[in-house]
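I have placed the structure first, in the form of structure tokens, so that the comments after it can refer back to it.
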Amino acid sequence: MRLLRSGPDPRIEAKLEAERILQQAGEQADREARKRQEEAREQAQAERDQILADVRGARDDLQRAVDRLDRREATLDDRIRSLDDRDSKLQQRGAALDQREAEHDQRLEEVSNLTRDEARTVLFARVELEISDEAGRLVREAEQKAKGEAETRARKIIATAIQRVASEVTTESTVSVVQIPSDEMKGRIIGREGRNIRALEAALGCDLIIDDTPDVVTVSGFDPVRREVGRLSLSRLVADGRIHPTRIEETVAKAQRDVDRIIRESGDEAAIEAHCSGLPREMLDIFGRLRFRTSYGQNQLRHAVETAHIGAMIAQEIHADVEVTRRGSLLHDVGKAIDHDVEGTHAIIGGDLARRFKLSEDIAHCIEAHHDEVEIRSVEAIIVQMADAISGGRPGARRESAERYIERLRALEDIATSFDGVGQAYAIQAGREVRVVVDPREIDDLGAMRLARDISSRSRNRCNTRARSASPSCARPAPPSTRARSPGARRPHGAARPAHA
């Protein structure tokens with residue numbers, strides 16, 4: 001039996017509710033769409049109004065700029081017309097002045113009995129004389145001022161470098177002395193009919209001097225490396241007691257290997273101490289030979305390291321290339337290590353070595369130019385030359401025999417007295433300054449200045465010539481400063497300041 005429901009159907013009510021909700025949503029979407037459309041229309045209208053305002057503003061600015069250009073063009077036209085009028089008036093005045101000048105010149109020629117060219121010549125001669133005197137005064141003042149400032153600065157830099165670097169002085173010698181236990185050992189060194197000493201001299205390339213000096217045998221030779229090999233070999237043979245040609249050859253070969261090892265280690269240590277890493281192995285092997293080389297009592301390996309430090313300090317002060325200066329200073333005397341075997345001066349030999357081992361051209365130039373044997377082309381080469389002179393010339397660095405010292409002073413005085421107008425010359429301060437007495441009737445103030453420079457230049461050239469022609473162990477003396485002075489009272493005529501080389 002079926003039961004019948006009474007009242008509305010729920011499905012129909014749900015369908016009606018859904019249709020009502022959809023209708024409300026559609027109406028709300030229409031309202032929102034119309035609202036957005038209205039907002040977009042208002043925004044577009046605002047942007048259009050802004051663009052129109054910007055365009056009107058730009059148009060006004062452009063018009064104002066055009067007006068300004070028109071006014072400026074009108075002003076320029078007025079100025080051009082004014083300048084044209086002024087130029088016309090100036091031309092008229094110039095023509096009138098030319099005419100008056102011609103009339104004036106004609107009157108002057110009639111009064112002075114001189115033509116225009118003759119009057120100009122006389123006037124120029126007087127002006128030249130006045131300018132010459134004034135120029136001499138200005139040159140002396142400028143020279144004194146520049147010299148004072150330069151000397152103060154240079155002394156500060158050099159003094160600082162010298163104070164920071166110092167080395168010991170060793171004895172310069174071309175012989176090595178070997179102590180032996182007794183004179184009986186001399187006979188064993190000589191050997192039967194002299195065969196042992198001949199074998200030693202042939203293997204070493206040095207001379208053995210055996211004389212009446214007790215308990216001493218002398219090894220003599222100009223090559224310091226061979227001399228060191230000889231000293232070491234002979235010491236070992238004496239200590240061993242077995243001295244015969246075969247044993248001599250073995251000992252000399254072993255001593256040569258030991259000396260080569262010392263040379264290599266010395267080159268490496270010097271490069272590290274001078275902060276010059278990366279140098280070629282072959283160059284360091286040659287450079288280390290300077291350990292056994294001295295010049296005026298100064299060890300050349302220590303001199304090279306000292307020069308590298310001084311050169312680097314100076315380069316830093318004047319903002320030059322420090323690495324080029326440091327390496328050029330360290331290797332500037334490397335040619336002395338092989339100048340017994342290679343023809344040429346040690347500076348040229350050193351430059352060739354640097355190029356052979358692929359060092360930079362700047363370093364090679366610093367090496368070959370430090371004795372002025374080639375023209376100096378860089379400030380680093382000048383610094384290397386200065387550092388070399390400072391290391392060799394600082395107090396206590398080198399020693400000189402009395403005969404050579406007196407000979408150098410006399411040579412400097414002879415150079416000064418060879419000039420015309422020089423009465424007397426005195427080398428003072430160990431040859432670093434030459435005082436010259438001149439005749440004031442022959443040499444005036446300007447002539448004294450030129451004389452001082454000429455004497456300094458000739459002394460420097462002579463020093464360079466001696467350095468190139470002397471033996472490799474000789475040091476180049478520094479060119480002196482020159483002071484020209486004429487006889488008389490406090491400030492005699494013809495006196496000049498020292499011209500420092």
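Cβ atoms here come from the backbone N, Cα and C positions, even for glycine.
According to TrEMBL, the features are:
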COMPBIAS  28-48  compositional bias 'Basic and acidic residues'
COMPBIAS  98-109  compositional bias 'Basic and acidic residues'
COMPBIAS  488-501  compositional bias 'Basic residues'
DOMAIN    300-393  domain 'HD'
REGION    23-48  region 'Disordered'
REGION    87-109  region 'Disordered'
REGION    458-501  region 'Disordered'
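Within the chain carrying the region 'Disordered' (23-48), a Cβ under 8 angstroms from the stretch's Cβ atoms is held by none of the residues 6 or more beyond its ends.
Across the compositional bias 'Basic and acidic residues' (28-48), the DSSP tally of helix, strand and coil residues reads 21 helix, 0 strand, 0 coil. Counting residues per DSSP class in helix, strand and coil order gives 12 helix, 0 strand, 0 coil for the compositional bias 'Basic and acidic residues' (98-109). On the 0 to 100 pLDDT scale, the model's mean across the domain 'HD' (300-393) is 90. The DSSP breakdown of the domain 'HD' (300-393), given as helix, strand and coil counts, is 66 helix, 0 strand, 28 coil.
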